[in-house]
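Per TrEMBL, transmembrane segment is recorded for 15-36, 56-76, 97-117, 137-155, 167-188, 200-218.
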Amino acid sequence: MNTLNHEMRVIRILLYFRVMVATTFIVFGNVFLVSFGNHQSPVYTPEQLIAKYSNLVFVLYCMSLVFVVALSQYLYRSGETILSDNAKDTSTHWRTLLPFSYAIVSGAIGSCSVLFAKSLSNMLRLTMSSRYQFHSWFTYSILLLFLCTAGFWMARLNEGLSLFDAILIVPMFQIAWTFFSICTGFVYFQEYQVFDTLRIIMFMLGMTFVFIGISLLAPDENKGAHLAIS
């Protein structure tokens, strides 16, 4: 009994230490992102926004995003089939890859809502300054895209919580959503043009710290199973 209590105290201490380390990584990562990120907030005209949506670099990025989503969805469907057949030699591998591929699809599409929200915010600022009429085909198109992508993200989040363990899928959701949100805004607003070498390095370091911190919050399934058996 004393041995069991001692093991439980050790586990609590290790979990507390892990959470503290993860929180430290996340805090420092966000400090780097804010300090070395783009602090400019220009107001674009609708014509400039449309031009940015049709920019070659952004179009290529969108094509890459479609490829990533298609590949992740294929992996997810393949994982479902394999797990349903109870393949013992690949079950552990696919039990990790399945929620990850699910989160990639959700984050890649759901993160686009951030870009559309920024475009709507930009047009709202123009409207408030009486330089732009809010009712136009472009405004309604962006609004529709925002509602679709935001609705997709919320639906996938709720479905993911019902399919996978919350303490596992939530960090994966956050990593995917944060990564693709940063990348989409970075490419669309062409922030790479105003970044020097130092800012790029520190910005990437900040992203890495955030992802490490979020990853540390995810449970170690193997250790959990080992402790449960013990």
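Placement of Cβ uses the backbone N, Cα and C atoms for every residue, glycine included.
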Going along the chain, which residues at least six beyond the ends of the transmembrane segment (137-155) come within the CB cut-off of under 8 Å?
46, 49-50, 106, 109-113, 116-117, 119-120, 123, 177
May I ask which of the stretches 15-36, 56-76, 97-117, 200-218 has the most CB pairs under 8 A with the transmembrane segment (167-188)?
97-117
Can you name the far-off residues of the same chain, 6+ from the ends of the transmembrane segment (56-76), with a Cβ under 8 Å from a Cβ of it?
97-98, 101-102, 104-105, 108-109, 180, 183-184, 187-188, 190
